[in-house]
Amino acid sequence: MTTEEIKDRILSYKAQGKRLFTTSSFQTHSIVLLHIISEVDNSIPVYFLNTGYLFPETLKFRDEVSAMLGLNVKDLQSVIPKSMQRDHEGKLFFVSDPDHCCSINKTQPLENILASHDIWINGVRADQSAARKAMKVEQSAPFGVTRFHPMLQWNAKSIYEYRKKYNLPSHSMESKGYFSVGCEPCTRRIDPQMQERDSRWFGMNKTECGLHTELINK
Ligand code: SF4
């Protein structure tokens, strides 16, 4: 979708009285959709899944982008304290059971938000993974929510061109070789032969946190 098409669709949802929200991981590529949304209505809530395991650089970028675009950012956190996020051997779940760790820190905190909204504006791109390639622009999600995927056909080049056009900043870790930045224990620097998202859950036989595999109706 073009920028104007995205804006028109958001305005159309609003005209229908739909309750909209978006989520953001505040990475370099996230800023394009946030910029577009802010130009339509910067009161639309931007939920940030603050797992407690994020890089300080990401928290700093969240604050900078939020202030620059005047966003309505809201942190979401698990109700389960970190001291309880350990298995029977005392290992933190991100070591012994990363799927469970993502579930309690990402998927579960978002369920309340789904239950109180109609439209989830979501910045997934088809070129990020096979699962995302199969997605549609609109797709149903639990709690009767419609996921709206306006960035599906965007790619690294179009993201770069948009950022350049509007002089938008980048996450400070990108220049150090981190192109997909998630939680600190589950993110590594990218090697030249790797794809963008290969740097996440490296060696863990895991490619998604569950937000785009569990909170979506197939
Ligand atoms: S990305 Fe890693 S640390 Fe973050 S919630 Fe998932 S398993 Fe836990």
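Just so you know, glycine gets a Cβ as well, placed from its N, Cα and C.
TrEMBL entries are annotated by machine, without manual review.
Record features (TrEMBL):
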| type | residues | note |
| --- | --- | --- |
| DOMAIN | 20-188 | domain 'Phosphoadenosine phosphosulphate reductase' |
| BINDING | C101, C102, C183, C186 | [4Fe-4S] cluster binding site |
| ACT_SITE | C209 | active site, nucleophile |
### Message
Whole-number answer please: how many Å between the C-alpha atoms of C209 (active site, nucleophile) and C183 ([4Fe-4S] cluster binding site)?
### Response
11
### Query
What does DSSP call C209 (active site, nucleophile) in the simple three-state scheme?
coil
### Query
Can you tell which of the recorded positions (C102, C183, C186, C209) has the fewest other C-beta atoms within 10 angstroms of its C-beta?
C186
### Task
Sort out the sequence-distant neighbours of C101 ([4Fe-4S] cluster binding site) for me: same chain, 6+ apart, CB within less than 8 Å of its CB, listed by position.
Q85, L92, F93, F94
### Query
What three-state secondary structure does DSSP assign to C101 ([4Fe-4S] cluster binding site)?
helix
